[in-house]
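Trainee: Just dropping this structure here.
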Amino acid sequence: PLIKIINHSFIDLPTPSNISAWWNFGSLLGVCLMLQIITGLFLAMHYTADTTTAFSSVTHICRDVNYGWLIRYLHANGASMFFIFLYLHIGRGIYYGSFTFMETWNIGVLLLLAVMATAFMGYVLPWGQMSFWGATVITNLLSAIPYIGLTLVEWIWGGFSVDKATLTRFFAFHFILPFIITAMVMMHLLFLHETGSNNPSGLNSDSDKIPFHPYYTIKD
(Lines of atoms letter the chains of each structure in order from A and count residues from 1; the text may use other names and numbers.)
(Lines give C-alpha, C1' and ligand atoms only; values in the text may rest on other atoms or scores of the structure.)
Protein backbone atom coordinates (compact mmCIF):
# COMPACT_ATOMS: atom_id res chain seq x y z
CA PRO A 1 0.00 0.00 0.00
CA LEU A 2 2.86 2.43 0.82
CA ILE A 3 4.45 1.90 -2.61
CA LYS A 4 1.01 2.42 -4.18
CA ILE A 5 0.51 5.71 -2.28
CA ILE A 6 3.98 6.96 -3.33
CA ASN A 7 3.26 5.90 -6.92
CA HIS A 8 -0.11 7.72 -7.03
CA SER A 9 1.29 10.82 -5.27
CA PHE A 10 4.67 11.34 -6.95
CA ILE A 11 5.07 9.10 -10.00
CA ASP A 12 1.85 8.45 -11.95
CA LEU A 13 0.09 11.56 -10.62
CA PRO A 14 -1.76 13.18 -13.58
CA THR A 15 -0.37 16.73 -13.89
CA PRO A 16 -1.36 19.50 -16.35
CA SER A 17 1.14 19.66 -19.21
CA ASN A 18 1.24 23.48 -19.30
CA ILE A 19 2.24 24.37 -15.72
CA SER A 20 5.21 26.74 -15.49
CA ALA A 21 8.13 27.25 -13.08
CA TRP A 22 5.67 29.02 -10.74
CA TRP A 23 4.46 25.55 -9.77
CA ASN A 24 7.95 24.54 -8.49
CA PHE A 25 7.60 26.34 -5.15
CA GLY A 26 5.54 23.61 -3.49
CA SER A 27 8.37 21.11 -4.03
CA LEU A 28 10.98 23.68 -2.98
CA LEU A 29 9.04 24.27 0.26
CA GLY A 30 9.08 20.51 0.88
CA VAL A 31 12.87 20.48 0.45
CA CYS A 32 13.15 23.50 2.77
CA LEU A 33 11.01 21.84 5.43
CA MET A 34 13.16 18.68 5.35
CA LEU A 35 16.36 20.76 5.55
CA GLN A 36 14.97 22.72 8.53
CA ILE A 37 13.97 19.56 10.41
CA ILE A 38 17.30 17.78 9.78
CA THR A 39 19.50 20.80 10.68
CA GLY A 40 17.17 21.57 13.61
CA LEU A 41 17.60 18.06 15.05
CA PHE A 42 21.38 18.42 14.93
CA LEU A 43 21.18 21.86 16.58
CA ALA A 44 18.87 20.50 19.31
CA MET A 45 21.59 17.97 20.25
CA HIS A 46 23.82 20.84 21.41
CA TYR A 47 21.36 23.59 22.40
CA THR A 48 20.29 24.21 26.01
CA ALA A 49 16.96 25.95 26.64
CA ASP A 50 18.06 27.83 29.74
CA THR A 51 18.36 31.61 30.08
CA THR A 52 21.85 31.40 31.59
CA THR A 53 23.35 29.03 28.99
CA ALA A 54 21.25 29.41 25.79
CA PHE A 55 23.40 32.12 24.21
CA SER A 56 26.69 30.40 25.09
CA SER A 57 25.34 27.07 23.77
CA VAL A 58 24.73 28.73 20.38
CA THR A 59 28.27 30.17 20.50
CA HIS A 60 29.52 26.67 21.40
CA ILE A 61 27.69 25.22 18.35
CA CYS A 62 29.35 27.77 16.06
CA ARG A 63 32.85 27.57 17.53
CA ASP A 64 33.37 24.06 18.92
CA VAL A 65 30.97 21.61 17.22
CA ASN A 66 32.22 20.08 13.96
CA TYR A 67 30.52 22.01 11.14
CA GLY A 68 28.20 23.49 13.79
CA TRP A 69 28.55 26.93 12.19
CA LEU A 70 27.40 25.45 8.85
CA ILE A 71 24.39 23.66 10.41
CA ARG A 72 23.37 26.82 12.26
CA TYR A 73 23.63 29.08 9.21
CA LEU A 74 21.84 26.55 7.00
CA HIS A 75 19.04 26.53 9.59
CA ALA A 76 18.91 30.35 9.93
CA ASN A 77 19.12 31.11 6.19
CA GLY A 78 16.93 28.12 5.39
CA ALA A 79 14.17 29.83 7.39
CA SER A 80 14.53 32.98 5.25
CA MET A 81 14.46 30.92 2.04
CA PHE A 82 11.39 29.10 3.40
CA PHE A 83 9.50 32.40 3.67
CA ILE A 84 10.66 33.66 0.25
CA PHE A 85 9.38 30.44 -1.36
CA LEU A 86 6.23 30.55 0.80
CA TYR A 87 5.26 34.07 -0.29
CA LEU A 88 5.98 33.27 -3.96
CA HIS A 89 3.87 30.10 -3.60
CA ILE A 90 0.99 32.15 -2.10
CA GLY A 91 1.42 34.86 -4.76
CA ARG A 92 1.18 32.25 -7.51
CA GLY A 93 -1.91 30.80 -5.84
CA ILE A 94 -3.62 34.21 -5.72
CA TYR A 95 -2.63 35.20 -9.28
CA TYR A 96 -3.76 31.93 -10.88
CA GLY A 97 -6.85 31.51 -8.70
CA SER A 98 -5.81 28.41 -6.76
CA PHE A 99 -7.93 29.65 -3.82
CA THR A 100 -10.95 28.09 -5.58
CA PHE A 101 -9.70 24.76 -4.18
CA MET A 102 -11.07 25.63 -0.75
CA GLU A 103 -9.78 22.68 1.33
CA THR A 104 -6.24 22.92 -0.04
CA TRP A 105 -6.24 26.71 0.36
CA ASN A 106 -7.56 26.70 3.94
CA ILE A 107 -4.96 24.17 5.08
CA GLY A 108 -2.38 26.35 3.31
CA VAL A 109 -3.49 29.36 5.38
CA LEU A 110 -3.17 27.30 8.59
CA LEU A 111 0.28 26.17 7.40
CA LEU A 112 1.35 29.81 6.92
CA LEU A 113 0.28 30.67 10.49
CA ALA A 114 2.01 27.55 11.91
CA VAL A 115 5.26 28.33 10.03
CA MET A 116 5.16 31.96 11.24
CA ALA A 117 4.67 30.80 14.85
CA THR A 118 7.53 28.30 14.52
CA ALA A 119 9.86 30.92 13.01
CA PHE A 120 9.02 33.45 15.73
CA MET A 121 9.78 30.95 18.50
CA GLY A 122 13.00 29.93 16.74
CA TYR A 123 14.04 33.60 16.63
CA VAL A 124 13.77 33.75 20.43
CA LEU A 125 15.93 30.67 21.12
CA PRO A 126 19.46 32.16 20.74
CA TRP A 127 18.52 34.48 23.64
CA GLY A 128 20.34 37.56 22.40
CA GLN A 129 19.00 41.09 22.90
CA MET A 130 16.96 40.89 19.69
CA SER A 131 15.52 37.53 20.80
CA PHE A 132 14.52 38.77 24.25
CA TRP A 133 12.99 42.07 23.14
CA GLY A 134 11.40 40.45 20.09
CA ALA A 135 9.65 37.98 22.40
CA THR A 136 8.66 40.78 24.78
CA VAL A 137 7.22 43.08 22.09
CA ILE A 138 5.36 40.41 20.08
CA THR A 139 3.83 38.64 23.09
CA ASN A 140 2.83 42.02 24.57
CA LEU A 141 0.70 42.70 21.47
CA LEU A 142 -1.78 40.20 22.92
CA SER A 143 -2.30 42.50 25.92
CA ALA A 144 -4.42 44.65 23.57
CA ILE A 145 -7.17 41.99 23.73
CA PRO A 146 -9.91 43.36 26.03
CA TYR A 147 -10.45 41.83 29.49
CA ILE A 148 -8.24 38.72 29.05
CA GLY A 149 -5.19 40.32 27.37
CA LEU A 150 -2.90 40.71 30.39
CA THR A 151 -3.81 37.30 31.85
CA LEU A 152 -3.18 35.71 28.45
CA VAL A 153 0.27 37.32 28.12
CA GLU A 154 1.31 36.19 31.61
CA TRP A 155 0.00 32.70 30.81
CA ILE A 156 2.19 32.57 27.67
CA TRP A 157 5.20 33.91 29.59
CA GLY A 158 4.73 31.42 32.43
CA GLY A 159 5.42 34.32 34.84
CA PHE A 160 5.41 38.10 34.99
CA SER A 161 8.08 38.65 32.32
CA VAL A 162 9.83 36.83 29.48
CA ASP A 163 12.06 34.45 31.43
CA LYS A 164 13.28 30.86 31.79
CA ALA A 165 9.76 29.35 31.60
CA THR A 166 9.10 31.28 28.36
CA LEU A 167 12.31 30.06 26.73
CA THR A 168 11.71 26.43 27.76
CA ARG A 169 8.18 26.35 26.35
CA PHE A 170 9.20 28.20 23.18
CA PHE A 171 11.88 25.55 22.59
CA ALA A 172 9.35 22.74 23.18
CA PHE A 173 6.85 24.26 20.74
CA HIS A 174 9.57 25.13 18.21
CA PHE A 175 10.60 21.46 18.28
CA ILE A 176 7.11 19.91 18.00
CA LEU A 177 5.46 22.32 15.50
CA PRO A 178 7.52 21.27 12.43
CA PHE A 179 6.23 17.70 12.85
CA ILE A 180 2.66 19.02 13.06
CA ILE A 181 3.45 21.12 9.96
CA THR A 182 4.67 17.96 8.17
CA ALA A 183 1.35 16.23 8.96
CA MET A 184 -0.54 19.31 7.70
CA VAL A 185 1.56 19.28 4.50
CA MET A 186 0.44 15.66 3.93
CA MET A 187 -3.19 16.83 4.26
CA HIS A 188 -2.47 19.79 1.95
CA LEU A 189 -1.17 17.35 -0.71
CA LEU A 190 -4.02 14.90 -0.10
CA PHE A 191 -6.62 17.57 -0.88
CA LEU A 192 -4.54 18.90 -3.80
CA HIS A 193 -4.39 15.43 -5.37
CA GLU A 194 -8.19 15.11 -5.01
CA THR A 195 -8.71 18.08 -7.36
CA GLY A 196 -5.43 18.01 -9.28
CA SER A 197 -3.13 20.99 -9.81
CA ASN A 198 -4.36 24.28 -11.21
CA ASN A 199 -2.76 25.49 -14.48
CA PRO A 200 -1.92 28.90 -16.06
CA SER A 201 -4.93 28.86 -18.41
CA GLY A 202 -7.34 28.45 -15.48
CA LEU A 203 -9.32 25.94 -17.56
CA ASN A 204 -10.09 22.29 -16.81
CA SER A 205 -7.14 20.29 -18.15
CA ASP A 206 -8.38 16.70 -17.64
CA SER A 207 -7.85 15.97 -21.35
CA ASP A 208 -4.25 17.21 -21.22
CA LYS A 209 -2.45 15.46 -18.36
CA ILE A 210 1.03 13.94 -18.16
CA PRO A 211 2.60 11.81 -15.36
CA PHE A 212 4.41 13.75 -12.62
CA HIS A 213 7.49 11.54 -13.05
CA PRO A 214 9.74 12.01 -15.01
CA TYR A 215 8.43 15.34 -16.40
CA TYR A 216 8.08 17.33 -13.18
CA THR A 217 10.47 15.50 -10.86
CA ILE A 218 13.26 16.55 -13.24
CA LYS A 219 11.87 20.09 -13.58
CA ASP A 220 11.64 20.45 -9.77
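Positions of Cβ are set from backbone N, Cα and C atoms, glycine also.
No curator has checked TrEMBL annotations; they are predicted automatically.
Quick paste of what TrEMBL says about this protein:
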{"type": "DOMAIN", "residues": "1-201", "note": "domain 'Cytochrome b/b6 N-terminal region profile'"}
{"type": "DOMAIN", "residues": "202-220", "note": "domain 'Cytochrome b/b6 C-terminal region profile'"}
{"type": "TRANSMEM", "residues": "21-47", "note": "transmembrane segment"}
{"type": "TRANSMEM", "residues": "67-88", "note": "transmembrane segment"}
{"type": "TRANSMEM", "residues": "109-126", "note": "transmembrane segment"}
{"type": "TRANSMEM", "residues": "132-158", "note": "transmembrane segment"}
{"type": "TRANSMEM", "residues": "170-191", "note": "transmembrane segment"}
Trainee: Using a Cβ distance cut-off of under 8 Å, indicate which of 21-47, 67-88, 132-158, 170-191 has the most pairs with the transmembrane segment (109-126).
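Mentor: Checked against 21-47, 67-88, 132-158, 170-191; highest Cβ contact count belongs to 170-191.
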Trainee: Where DSSP helix means H, G or I and strand means E or B, what are the helix, strand and coil counts for the domain 'Cytochrome b/b6 C-terminal region profile' (202-220)?
Mentor: 8 helix, 3 strand, 8 coil
Trainee: May I ask for the residues of the chain that lie six or more residues beyond the domain 'Cytochrome b/b6 C-terminal region profile' (202-220) and have a Cβ under 8 Å from a Cβ within it?
Mentor: 10-19, 21, 23-24, 27-28, 96-97, 196
